[in-house]
Amino acid sequence: MAGDEEYYGKNGEPKKYDPTFKGPIQNRGCTDILCCILFFLAILAYIAVGILAWTQGDPRKVIYPTDSRGQFCGHAGTPLENKPLLFYFNIMKCASPMVLLEFQCPTTQMCVEKCPDKFMTLVKAYSNKNDFDYYKNFCQEGVTNTMGVPQILQLKLCPAMLIPSTAFTRRCFPALGQKGGVITVGNNSKFDDGTGNMRDAKDLVDGVKNATVVIEARQVVMKIFEDYTRSWYWILIGLVIATLTSLLFIVLLRFLAAIMVWIMIVLVILVIGYGIFHCYMEYAALKEAPGANVTLQDLGFQTDFAVYLQIQQTWLAFMIILAIVEVIIILLLIFLRKRILISIALIKEASRAVGHIMSSLFYPLFTFLLLTIVIAYWAVTAVFLSTSNEAVYKVFNESVCDYSRTNCDPANYSSSDMKKQCPDSQCLFAFYGGETLYHKYLIGLQFYNVFLFFWCANFVTALGQMTLAGAFASYYWAFVKPDDMPTCPLFSSLGRSLRYHTGTLAFGSLILSIIQIIRVLLEYLDHKLKVAQNKFAKFLLCCLKCCFWCLEKFVKFLNRNAYIMVAIYGKNFCTSARDAFFLLMRNMIRVAVLDKVTDFLLFLGKLLIVGLVGVFAFFFFSGRVKAFENTAPSLHYYWVPILTVVVGSYFIAHGFFSVYAMCVDTLFLCFLEDLERNDGSPERPYLMPESLRKILNKKNKSQPAQ
């Protein structure tokens, strides 16, 4: 007895029997009011930041290429509307290492209607009127037939030469080819650079590489975008199939919980087993294929991801990963086989609760809508903030110059002292920036945008958890189900959460958001320190990342249970978190085994739905099945729709099963309180279902005969 008192003293007092307690308290007051006020002020400031960004930003800066004057090529309603392509006067200057740092070639850039399709120098074109008229399409304004070649080149009004080019991501790049292993341009291995010197075509390669280093990823993005435009309706069909499969699984779980759990376990093992078998068959098929033994390290990064599927090591890696997952699942099932029976009973009761509150299955759609609004607002604000800088012009030069890379004004640069001291320099558009008060605090505004995104997203998630917890708690504590339940338990719980506990939701989500923003900063520091050689700093950073990851998981777990206690008793966040923590600590063995086994079984359900839909999507989009060869769309990367369907299926399954998970967690806490409040006597009967009472050897004693 003394031991029990000492144990309960450390972990709080157990709940006492209260004959007036009938579930979630109706007579409650507002909690954590200060945090509620702070949250609303932060939202108002967030709206102000969005309005400021929308008035200052210009998304065209990330869509259209920009010439040396900061004008947008091809933008409708501007003088350059019919000139959508960007032309470089001297592409070889893009070979400078500074391009990789400043993302700007130190050469004049102008918008043109089409790329040059013939090779000529200014000297040769000047002697022929028709050629010179064609050449002037690639010159700046102000070039006349009366001007001499030296004057034109001195004023940098025209390029010294034109090279046959092709348009790539709205930019003109030399049309390089290869003949007999030699790099060519315009079918020639050498070209005149406009100054009388003959250059090798391979000299253009470095310039083209550096000019495209920033936009190589854009080519992949464009191909992925094209794949989406060709397969979007099939992706939607796949997601609809995932939704119907999840809904069917939930309905079957309602009536056949035990059978469905065992079927789910067996099917998950079979689906992963088939994945291992398929990977082995692909691995064996590539055994004799030439070049298939190349390692992933030797292959490096390739924009055509289908290349990776042509080497053995890729399939070997997939096979090993799936085999490890299979072994872990089988071992867990062997060691936890006795606890699975208790978990099945808990899932059965959760199925009954969901059956009485069917509207709870559709609540994730409301959460998804709110999260979509939050994500959209954050993304649009981020784009407008990142494009709200002003055009910054810098001095670009070929020879030594004291003013190199300093700011300049293109309007009067030709008569400035900088031009006089550096005659061969130019004042070109460099990037978007600014030195006003707004631009100085732009990074701070971006940081605030990210922080409020975390806060609002966590708030929406917390609102869903508290709403569902209140609804399912009203089911558990109802003595006669469903007669003693509220008419609309879900909407009643949502109303209580918003009316009384907005501050509590904001408080819990604020704590989680602070931890998440610290993790973002640690990832940023880790990215910056990758080139550093300080091993101690890397080790310390790694430890901090690990600690904050664990802290985030713990806070999420604590918040979730705190919201359940708030939904039931209507107390503030700190009191509810303490009560939930002590309640779980007093039942540590049950928490560590029973609750986590149930979560594991629900995870297997999500894994099964994702696996079934993913296998179907793989055979359809890859064209491995002859019946789908003519139906499946032609794609650059068939893994794009497959991955989209798989990820989307997981989120859909997670949305449905999150209701079950919240139901199980709520019923579990109520179940623990039921054990403390009641003893099974006629005056204090257990409210837990009979199936759980049998497994736990608990029973309600009958009334004594009169």
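These residue numbers are counts, starting from 1, taken along the chain as shown.
From the backbone N, Cα and C atoms, a Cβ is placed for every residue, glycine too.
Automatic prediction, not curation, is the source of TrEMBL annotations.
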Segment assigned the feature transmembrane segment in TrEMBL (from 540-558, 635-653): 635-653
Stretch contact, the transmembrane segment (500-522) with the transmembrane segment (452-479), Cβ-Cβ under 8 Å, 3+ pairs: yes
When counting Cβ pairs under 8 Å to the transmembrane segment (232-252), the leader among 33-54, 452-479, 600-623, 635-653: 635-653
Recorded stretch that, among 259-277, 315-336, 452-479, 600-623, has the most CB pairs under 8 Å to the transmembrane segment (635-653): 600-623
Which of 259-277, 452-479, 600-623 contacts the transmembrane segment (315-336) most, counting Cβ pairs under 8 Å: 259-277
